[in-house]
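**Student:** Quick one: structure below, then a few questions.
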Amino acid sequence: MIVYILRKICTFLLILLILAQISFAIVYCLPGTAFYNLTFFHAYFTFFNELLSGTIRLSPHSSLSLLQTLKQILPITIELCIFTILFSLIIGVPLGIIGGLNTNKWQNKALQSFCLIIGASPLVWIAVLSLFIFFPHLPNEGSFIEQTNPITGFPLIDILLTPGIDTAQELWKEFTYLVLPVVILSIQPCILAIQLLSQNIEKIAKQNYIKTAIIREQSQLKILWRHLLPNALPPVIPQLTHGFTILLFSTMVVEIVFDRYGLGKWVMHGFETKNGVIIAVAILVCGLLIGAFNLLSEIFILVIHPLRHKELYDK
């Protein structure tokens, strides 16, 4: 297991190294950046020195450094991703269990048909349509983090830590600001969880030890918690993590459509202003977040699903 984790860490570092070279190529080749007129080696060492120290200037018109900018935009996007994952699991896991336990019944067929129709709809189309329908009910003020100096960068945490405000009212405003983007972003992960879990539960329910437990007249709830879920959930988690890796890009798209403050709007600003530094740093940041998520998920899978060790070593 240690060898496998070390191999994954080395792969993660190699990907970051490649992305870093691509980022440098962008800032060096695009005109208008501070590195464009420098010699190659001077630009190379200056770029990575400022990047690693977090002092690189993203724009000549901005006084904020890289670390200060990321502190403002990243927590908002990460918070939206976390709520999306939690919401999709809260909805997807129970529906997946219901679908798996009701094979060849109308409930499962209706659920699968609904997933097929909604899953085939483009995310951007759903976001634009939802914005058109629910626009009168959306808050006008935006996120709490846009109206005050951030403490941690996470809006909900900052609301709890900020003195002299109506905490309950601000929390309610922030939740109303989050609910529609979270629901839209949860569609694809939720459908993936429903399909994978229902298929796995249907397969495990046909095993002999499940049939033996049913013959012993154990309660269905005990069979579900003691036998079905412990055997159905672990194999599904690796497949779910691959689906969650595209969540960051979906979140950026939704932030652009809803004009939300965050990573997506920041990257779009970089393209609109042809700011090569923002584009280069965005590529590196996205690669870092996705790579770190995949690495941590692989380690988590090894901990909760030891039987998968043999499969990993065989590969």
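Note: Cβ is positioned from N, Cα and C throughout, glycine not excepted.
Predicted, not measured: the structure shown is a model, and the values here were computed from it.
Features from TrEMBL:
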TRANSMEM  73-98  transmembrane segment
DOMAIN    74-296  domain 'ABC transmembrane type-1'
TRANSMEM  110-135  transmembrane segment
TRANSMEM  175-197  transmembrane segment
TRANSMEM  236-258  transmembrane segment
TRANSMEM  278-304  transmembrane segment
**Student:** Near the transmembrane segment (73-98), which same-chain residues lie under 8 Å Cβ to Cβ, leaving out any that are not at least 6 residues past its ends?
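**Tutor:** Counting only partners 6 or more residues beyond its ends, the transmembrane segment (73-98) has Cβ contacts under 8 Å with 107-108, 111, 143, 145, 150, 152-156, 178, 181-183, 185-186, 189-198, 201, 224, 228-229, 244, 247-248, 251-252, 254-255, 260-266, 285, 289.
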**Student:** Can you tell me which parts of the same chain pack against the transmembrane segment (175-197), counting only residues 6+ beyond its ends and a CB-CB cutoff under 8 A?
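**Tutor:** Same-chain contacts beyond the flanks: 79-81, 83-85, 87-89, 91-93, 95-97, 99-100, 111-112, 115, 118-119, 123, 126-127, 130-131, 134, 137-139, 142-143, 232-233, 236, 239-240, 243-244, 246-247, 250-251, 254-255, 258, 260.
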**Student:** Could you give the residue numbers and ranges of same-chain residues that sit at least 6 residues beyond the transmembrane segment (110-135) on either side and whose C-beta is under 8 angstroms from one of its C-beta atoms?
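**Tutor:** Contacts with the transmembrane segment (110-135): 95, 98-99, 180, 183-185, 187-188, 191, 194-195, 198, 250, 253-254, 257-258.
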